[in-house]
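Engineer: From TrEMBL, here are the annotated features:
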type	residues	note
DOMAIN	36-87	domain 'FHA'
REGION	137-171	region 'Disordered'
COMPBIAS	148-158	compositional bias 'Polar residues'
COMPBIAS	162-171	compositional bias 'Basic and acidic residues'
REGION	184-229	region 'Disordered'
COMPBIAS	184-198	compositional bias 'Low complexity'
COMPBIAS	201-211	compositional bias 'Basic and acidic residues'
COMPBIAS	212-228	compositional bias 'Acidic residues'
REPEAT	246-278	repeat 'WD'
REPEAT	347-389	repeat 'WD'
REGION	627-660	region 'Disordered'
COMPBIAS	638-649	compositional bias 'Basic and acidic residues'
Amino acid sequence: MALAATPARSNRLAELEVVKDGSVIEHLKIGEQAVYLLGRNEDMCHYGLQHPSISRRHAAITHSENGQITIMDLSSAQGTMVNDKEIAPEEPVKLMNGDVIRFAASSRSYVVRNIAVATETDKGEDHGAVPEEALKDLPTSFGGKEPAQSNGAESSNGHAGADNDKVAARKQRETEIAAMTAAMVAAPASSASTTDAPSEQEPREKDKNGEEEQGEDEESSDDDDDDAQNSVDLRYKIPMSHQVELAGHSKSVTCIAVDGPGARVATGSMDYHTKLWDFAGMARHVRPFRAIEVDEGHPLVALSYSPSGDRLLAATGGSQPKVLSREGVEELQFAKGDMYVVDMANTNGHTHGVTGGAWHPSVRDQMITSSLDGTVRLWKLDGKKTLDKLVNANVFKLKSKRGKRCGVTACSYNSDGSLIAGATMDGQIQLYDPRKPYAGAALVVREAHAEGSGDLGISCVRFSPDGKHFASRSCADDTVKLWDVRKVREPVKVFTGIEGVFSTSNLVFNATGTCMIAGTSVRKGRQERGKVVFLDVHTPQLVTPVASVNMDEDESAICVAWHHGINQIFVGTSTSTCHVLYDPQQSTKGVLLTATKKIKVQSGDSGVRIDGVGKIHNPHALPMYREEVSQKRKASKLRADPKASKAPEKPITGPGMGGKISGSTTFTQYFMSSHIKTSFREEDPREAILRYAKKAKEDPQFTAAYSKSQPSGQIDKRYQLTEQTLEEEAVAKEAEERRLLQS
């Protein structure tokens with residue numbers, strides 16, 4: 001049996017029309033991968049067929065080397081029919097346009113559409129058979145179970161040979177199915193660079209002009225490379241034929257967020273600013289419409305839009321992230337925890353620097369943040385507040401391998417928000433169920449990566465769109481590892497040489513989960529170029545990039561974002577710019593709205609001309625059209641002008657103004673100010689009594705008799721004022737009694 005090959009470009013639109021009760025209810029694509037498994041078990045098959053009569057692995061649709069598409073029944077219980085004829089098990093049958101496929105007793109029929117006629121140019125390359133060692137590295141969801149052992153009572157000399165033949169045939173069949181699965185999506189690695197194109201074109205033209213035969217050979221090789229590149233782009237839906245730069249920051253761009261519709265992009269930088277870009281309101285001179293300094297003196301580490309796109313989570317290097325509106329206005333700030341509290345679950349917020357943050361994929365009022373204080377905190381917008389600061393709802397405490405507090409370097413949600421992933425500084429990855437905050441970690445990967453630090457550790461953990469796999473990236477060992485959620489004891493694939501020197505280096509999956517991208521970093525002064533590498537997910541032995549995009553010299557690709565709706569890739573670089581990769585054939589809206597707009601040019605005829613051409617004269621301004629003004633009207637107009645009439649200043653009757661104070665200018669004001677006295681209630685009684693103190697001392701009237709008998713300072717105590725009040729005497733007496741009792 002021939003192995004599956006790369007799908008021909010002409011068959012990339014092939015599909016199955018699912019017909020039920022005479023109407024088309026669904027379309028299943030069969031032109032993008034080498035093999036499609038169909039059956040009742042959704043974990044083992046690409047398309048699940050939910051009918052009791054269908055086997056778990058019922059049939060397989062494969063692409064052959066000559067560009068044909070075939071279907072093969074995988075020894076199902078009730079068989080597969082093509083055009084109302086049951087096909088033989090394990091025998092491939094060629095499919096043509098209009099063929100009707102039925103599986104077992106299902107009432108649904110599958111009509112083949114958009115299959116091109118195979119030609120010599122559509123034939124795929126021969127990738128060869130998959131080695132036996134590659135079959136051992138297949139994921140656990142592929143392959144079948146071991147054949148059952150036969151009983152000794154049933155075995156005999158006559159039947160031994162037949163049983164051995166059946167076992168051998170079954171093993172061979174399972175090996176062929178596994179080989180087809182391993183060969184799907186396999187493609188030669190390619191590289192695309194928009195910056196290197198001019199430099200490579202010149203020597204190619206020179207060779208072509210110098211020797212005709214050599215030019216033809218190079219032209220044919222270039223065509224082959226272009227075909228391979230286009231095949232990779234179409235298979236993984238990679239938009240990288242064009243790019244646009246978003247320039248507005250003064251330092252490295254560390255994080256990027258795109259809203260749901262793909263109309264706005266937020267970029268965060270080491271210059272402490274977040275800039276908002278609106279593609280619908282920009283022309284070719286792409287400029288941000290808003291710049292916000294989220295937290296003074298703290299760089300941005302994470303940005304995330306809410307599912308509806310009405311709010312933006314901005315996490316900085318400080319301990320208090322903020323929630324901004326769609327227009328960049330601050331709406332809410334998170335509370336800061338008490339750093340002197342030992343148990344981090346009893347604090348209202350983070351106590352150390354924040355390292356990551358993400359909004360819930362479907363809930364508008366929930367988000368998570370991670371910090372070096374060893375926690376991942378869940379926040380709700382309608383939660384409790386203290387001093388107008390939001391208090392966390394739940395706290396997930398991540399422990400080190402020794403059970404102690406360990407800083408968290410990254411966090412993320414899965415596709416439906418049912419799992420929260422957190423990465424620690426000692427190389428662990430822990431998964432939590434947000435509905436059970438006190439139950440501990442649901443899954444723990446102890447030796448996920450090498451031990452690092454808060455800056456150079458696990459910088460990103462990201463789930464695949466189907467939620468069955470997750471990928472992690474570490475700057476400590478420069479690796480990207482792919483994990484199966486159902487089997488986390490060892491990684492499914494390991495990609496090495498993905499260097500990162502920034503704590504916000506990340507990775508993302510494409511829409512189908514068949515490819516992921518990551519940016520690489522370079523050291524300054526070495527005349528090297530950073531890259532955006534595209535990594536295959538499903539092929540076991542393919543651990544090298546299938547495509548790459550080169551950056552400029554001494555430029556690192558720090559963070560990446562792939563918006564699946566508009567199919568555009570955003571790359572934040574170390575040169576304070578954000579590259580937007582797109583393909584006019586595959587991408588929609590987004591930066592295409594600005595690329596097709598023209599900058600508004602001011603017309604040359606607009607405004608006032610300095611050469612005098614095109615003057616407009618007002619005829620009523622000419623002397624012959626002027627009306628004669630009477631002397632009375634001239635005098636009244638002149639009298640209304642105070643400067644021209646030289647009118648004297650009017651007296652200030654109210655409060656002073658213009659550097660002048662109001663004075664008594666009338667006789668009434670003068671009389672009232674000199675005759676009306678103030679009331680005695682406004683006088684100070686102490687001052688009034690002290691006015692007679694000197695006179696009473698010199699000429700006493702009532703105490704003159706005591707001046708000789710009792711001089712000053714020697715008055716009898718009976719006639720002196722008491723030194724204490726009754727309350728003070730009672731308190732003093734109690735104190736004296738207490739003192740006597742104690743002594």
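Cβ from N, Cα, C; glycine included.
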Engineer: Averaged over the repeat 'WD' (246-278), what pLDDT does the predicted model reach?
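Structural biologist: Result for the repeat 'WD' (246-278): average pLDDT 94.
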Engineer: With helix taken as DSSP H, G or I, strand as E or B and everything else coil, how many residues of the compositional bias 'Basic and acidic residues' (638-649) land in each class?
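Structural biologist: Taking the compositional bias 'Basic and acidic residues' (638-649) as a whole: 7 helix, 0 strand, 5 coil.
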Engineer: Is it possible to list how many residues within the repeat 'WD' (347-389) are helical, extended or coil according to DSSP?
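Structural biologist: Breakdown, helix to coil: 0 helix, 22 strand, 21 coil.
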Engineer: With DSSP as the yardstick, break the repeat 'WD' (246-278) down into helix, strand and coil residue counts.
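Structural biologist: In the repeat 'WD' (246-278), the DSSP-based counts are 0 helix, 20 strand, 13 coil.
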